[in-house]
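Peer 1: Dumping the structure here so I can ask a few things about it.
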């Protein structure tokens, strides 16, 4: 796209396209990447933000945990129609219980939840917080707006990103050679190298995460295929599709065209009906706490023989304390990405302890398997700790790629500024927004974590105030960036971020959580993981700050009292 | 990309035209692809739900290619033709398949 309309090569036009599809949604993409990357540790963030849960230390013996939890449920919700217990794992210290009371309204509203102490089965009361779910939701539907609007905005930005990535690849024909070229301390050249290196280093990840992001939003963004094939009833398509994705809710094999209800809602409605009918039936209640141990042992043997080696992750009791009760055990984790995290299940008769059903794992069609692989990879679903950390680090690299791209836009225009002898308003606007978003969002996230521990537990609308604090801190960072010279703004905010995050593992034990010494000693990997992720972020921003300070010294010597609008301004 | 700060108005219009072609034209093309392929893949014997999933997933790649085409094309005219022509063909294909399926349904 040359202004003089002269013909140009494909690489020039792609370079133009890359710049503008990257810069226009750039800040939003940075926010999406940043909060999305943190969401790889969603469970860990949730756990950290409810320090009351740190005190729950599960025993090594799953049977004992299950027995205690089931006894606890007997006291907590004796008349429920169903209980579901998520057993503790490497990311979770407690037993997460959900249950549905008789006559509970359909859907999510009818589901009650509680966290149980893994050692005692007692309910743990936690502070009111949205936890990591706020950051997770923000990364694909933003905040304080209609859910569909938020998804459209993020979806459009993602489509821009998709174009930016592919046009970027076309632009840099020597992309892999350039990956090994880093020329530090060369101003613009170094920024370009850094941008290229972060882009190429994780290129498969960038393409996967962007394309799968579009796929995850496709019901909102691209309903026209379903609309055409289902005569305007796109809902029917979504249900049929979910019915085939057994991660949804189990029935798996229902590949028939006429499956009426999607997943959970339909099934639990049915459960409720049955529970209601037999309420008055006689018979003896089963001592589940005693019966669960042998069932767990059976499941373990069965799954080991099946070639996989999974522990039980979830226990669902249907019609507890009533005749005809069943216990469903579900393996923790899945062997396959193509099934969207479906895992092996066994259904027991609670009274006899015998296996009643071995629901087979569904086999998805090629099309849904393809989509499921992308969805599972995007969400790190059932990824082990190593894969999770790799995804997190790829996310960090992706965030850095967006950030270096944004900075590069400003750095590239430095010569133009010098020639003009002033900073055009547009340049300054981008420069200020860059700081206010790149370091400002990190500051806001830090403030969110700090407020989680500093706001009084009994504060009204507590969860909302944590989120308000997030946005107020972000706004403050933007204002600060606008008031200070660019380089000073970068440096001050980087130092603030580094200090905020490096102190989080210290704040944790002072405000009710388990510090690193205890969480390591007790093997609470979730808490340890959060602390290390925070230290990693602190180190990254500290490194940038150190870089900025070092670069300052020779420049200050060389040009004392240099005009603040010089090149030094724009190269952080 | 230019050393001057102000660009000629004609150039701005050209960029605007291609942006509209890439963003809105590209989306319409992708939507037409999703609708058309959803119907035609069924006719090849693919299950309805899979036909829709395949067509919808690939439609994002169609939008991507459309955007790249628009900015790679030599002239703005060619850029637009490359969007409108296939979109019209796909729309016609959707109509044809829809008319057939409508009769059956």
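The backbone N, Cα and C atoms fix where each Cβ goes, and this holds for glycine too.
Because TrEMBL annotations are produced automatically, they should be read as predictions rather than curated entries.
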Peer 1: If TrEMBL is the reference, give me the range from A:241-284, A:329-372, A:373-416 marked as region 'Disordered'.
Peer 2: A:241-284
Peer 1: According to TrEMBL, which listed range is transmembrane segment: A:197-221, A:297-321, A:547-571?
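Peer 2: That would be A:197-221, per the transmembrane segment entry in TrEMBL.
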Peer 1: So which range, A:127-151, A:152-176, gets flagged transmembrane segment in TrEMBL?
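Peer 2: Comparing A:127-151, A:152-176 with TrEMBL, transmembrane segment matches A:152-176.
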Peer 1: Report, as numbers and ranges, which residues of the same chain sit near the transmembrane segment (A:520-545): CB under 8 Å and 6 or more residues beyond its ends.
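Peer 2: Those are 38, 41, 43-45, 47-48, 54, 57, 90-93, 385, 392, 396, 439, 442, 449, 490-491, 494-495, 497-502, 504-505, 508, 513-514, 572, in sequence order.
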Peer 1: Same chain only, please: residues at least 6 beyond the ends of the transmembrane segment (A:197-221) with a C-beta under 8 Å from a C-beta of the stretch. Say none if there are none.
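Peer 2: Sequence-remote neighbours of the transmembrane segment (A:197-221) are 36, 140, 148, 151-152, 154-155, 158-159, 161-162, 165-166, 168-169, 175-176, 178-179, 182, 234, 238, 371, 374-375, 377-378, 391, 394-395, 397-398, 400-401, 404.
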Peer 1: Go through A:20-42, A:152-176, A:389-411, A:463-483 and flag the stretch with the largest number of C-beta pairs under 8 Å relative to the transmembrane segment (A:432-451).
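Peer 2: Between the stretches A:20-42, A:152-176, A:389-411, A:463-483, A:463-483 has the largest tally.
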Peer 1: Take the C-beta pairs under 8 A between the transmembrane segment (A:152-176) and each of A:20-42, A:463-483, A:490-508. Which stretch has the highest count?
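Peer 2: Most Cβ pairs under 8 Å with the transmembrane segment (A:152-176) come from A:20-42.
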Peer 1: Count up the helix, strand and coil residues in the region 'Disordered' (A:304-324) according to DSSP, in that order.
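Peer 2: Going by DSSP assignments, the region 'Disordered' (A:304-324) contains 2 helix, 7 strand, 12 coil.
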Peer 1: Which residues of the same chain, at least 6 past either end of the transmembrane segment (A:490-508), have a Cβ under 8 Å from a Cβ in it?
Peer 2: 48, 51, 435, 439-440, 442-443, 446-447, 449-450, 453, 477, 480-481, 484, 514-516, 527, 531, 534-535, 537-539, 541-542, 544-545, 548-549, 552, 572
